[in-house]
Amino acid sequence: RMPSIFSYQSAEVDWCESNFARSAVIAEYYNTVSASGRLGLAPGTQELLLGPTQHGTPLLCFLLLAPFNLLALEEPPRAGGRMELCHLKVPLSLAGLFSMYFHMTLSYVGQLLDELSILWTLAVAYSFWYPQAYFPRCIKTRRHFFWLTGITTVISTLMSFVKPTLNAYALNCIAFHLLYLTWKELKKCNDKRVHRMAAVMVMWWALAITSWISDRWLCWLWQAINFPYFHSFWHVLIALSLLYCCPLVIYFDVSYEMPSFKPKLEYWPSDSWPVVVPYVTLEEPHKQC
């Protein structure tokens, strides 16, 4: 009889961590715990848009929050900035919840929910922040781009059921497009702070993808030395990469959409701290009488 798609260990993917080694209920204990960091998005997203320096939020709280919480703008000049981040609250929170569910059960449904929630979160991010300068020639407005992104996402969702084992590889390949866009923008930017933040972002991403590939392809080695936890490292390292990626996205978005404002990348609590929270400040143009 075919196993239920909701049953434990019915997924087509099983990561390197030993199953039920530390809990009779949680299949992959450390993978589940490390995935729970995404759930920090739900509370306080709008408040964090005002910037960490105004609220004095402890550093630990920021590190526990989902990376998109760190898209901090000191004084958002348009309501759209708040609304766009609100649209990400639900998909990001669901991505964290479904990732925990997948690693806890290793069920087929959990696998698909985990992967599709990431796909739809990326679709929302692309819809709102993809630079209009890179739109295909046939797309003239942001509204048309919404439709293109939506149709592409629906097709990708249906295709994900064909061979679920390939979904994770396909999702990781999207990172190369994001890196390409970053490289294109850096060619037009002379701000050393922006280049530095991009370099740190790439460093964390390289460590993250190395951990992911190591867990996937070298599991025999890590199990031989009793250290099968590299997928947990992936969860933490990709979050650190997004910690720097998100302010960069906001920085370039402001440069395109609000050229009269002067975005600047800052670090909280100080540039000299070994662990910092990057955010974006805006210099509002003075009105002339």
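Cβ from N, Cα, C; glycine included.
TrEMBL labels come from automatic prediction, so no person has curated them.
Owing to the predicted nature of the structure, the values given are computational and were not obtained by experimental measurement.
The annotation Ca(2+) binding site is assigned in TrEMBL to D14, W15, E17, N19, E28. According to TrEMBL, the feature Zn(2+) binding site maps to H103, H231, H235. The transmembrane segment annotation in TrEMBL covers 116-133, 145-162, 168-183, 195-213, 233-254.
Here H235 (Zn(2+) binding site) is positioned 13 angstrom away from W15 (Ca(2+) binding site), judged by their C-alpha atoms. By number of Cβ pairs under 8 Å, the transmembrane segment (145-162) is matched best by 116-133 from the list 116-133, 168-183, 195-213, 233-254.
Among the binding-site residues D14, E17, E28, the residue whose Cβ has the fewest other Cβ atoms within 10 Å is D14.
Ranked by how many other Cβ atoms sit within 10 Å of their Cβ, the binding-site residues H103, H235 place H235 at the bottom. Annotated pair H103 (Zn(2+) binding site) and E28 (Ca(2+) binding site), C-alpha to C-alpha distance, rounded: 5 Å. N19 (Ca(2+) binding site) sits 13 Å from H231 (Zn(2+) binding site), taking the CA atoms of both as reference points.
Cβ neighbours of H231 (Zn(2+) binding site) (same chain, under 8 Å, six or more residues apart in sequence): W15, C16, E17, E28, N31, S211, W212, D215.
Just so you know, the Cβ of N19 (Ca(2+) binding site) picks up 14 other Cβ atoms within 10 Å once every protein chain is counted. Geometry remark: H235 (Zn(2+) binding site) versus D14 (Ca(2+) binding site), CA distance 16 Å. A sphere of 10 angstroms centred on the C-beta of W15 (Ca(2+) binding site) encloses 24 other C-beta atoms. For the Zn(2+) site, the Cβ centre of H103, H231, H235 serves as reference, and the other residues of the chain with Cβ at most 8 Å from it are W15, E17, E28, Y30, N31, T32, S34, A35, S99, S232, W234.
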